[in-house]
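There's a structure below that I have some questions on.
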Amino acid sequence: MRAYLDLLQHILDNGGDKGDRTGTGTRSVFGHQMRFDLSKGFPLLTTKKVHFRSIVIELLWFLKGDTNVKYLQDNKVTIWDEWATAEQTARFGRPEHELGPVYGHQWRNFGATKNADGTYNQDGFDQIKWLINEIKTNPNSRRLIVSGWNPNEAGQVALPPCHTLFQFFVQDNKLSCQLYQRSADVFLGVPFNIASYALLTHMIAQVCGLGVGDFVWTGGDTHLYANHFEQAKLQLTREPLPLCQLKLNPEVKDIFDFKFEDIEIVGYESHPAIKAPVAV
């Protein structure tokens, strides 16, 4: 994954320093693209260890349409904890652990009506179910899009969706995906996002009877936080290792039937993890 290291170097060398919502400060570029051929290996970063289990559990959580972090915490995944404290959720009139209309809600219940107590009815549009059917029945469509960004609700959550929109493309019986990420925390978030959407592409390809093509990552505000510069420089001293392979249970034919046990990576080798603080 040399392209990722090239992005780190590009931001350090050419990015502009600016303030940000968290008060940490960033060095940013606007508009960047990376392409990964999924047939040549699974794009899980090797120049630092990435916790694949957290990526899988989070994606299954999204696909469930869940917005409460209890499922994550029950599975010992803590990546959303900073935004699910009582202090954070109280800002939006929600109980501790309830994030509101974040990814899972938008994917599975977009535009749902809201009750007086702040809960949502299950009367929204299921974008994932629609997408799967459309790929199966109309693979040449240029409308194979899922949006996590609902402008009417973006201000009602502690962290509005960063990876906002993704589109699929079928050619030669292979499924490709492009993600647009409005805000890209390149050191901590982007390695997770690349692997998560590559995994989703494999899963959807399997249930639609397709092979895999490319995953294209496109970033808007593409940045390194100021307190990640030294970690990025350390990572740039490391040579990428061969990519691992993804193995899915071939018996799973429905996207909503996947369980953690159905998903594994084979041959993952990496350099040691590099710790860095999360900006909230």
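Keep in mind that glycine also has a Cβ here, set from the backbone N, Cα and C atoms.
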According to Swiss-Prot, Arg21, Arg142, Arg143, Arg182, Ser183, Ala184, Asp185, His223, Leu224, Tyr225 bind dUMP; which of Asn133, Asn152, Asn193 is also listed for that site?
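Record source Swiss-Prot; matching candidate: Asn193.
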Do you know offhand how many angstrom separate Tyr225 (dUMP binding site) and Ala279 ((6R)-5,10-methylene-5,6,7,8-tetrahydrofolate binding site) by C-alpha?
8
For the binding-site residues Arg21, His51, Arg143, His223, which one has its C-beta crowded by the most other C-beta atoms within 10 angstroms?
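Comparing the binding-site residues Arg21, His51, Arg143, His223, the most crowded Cβ belongs to His223.
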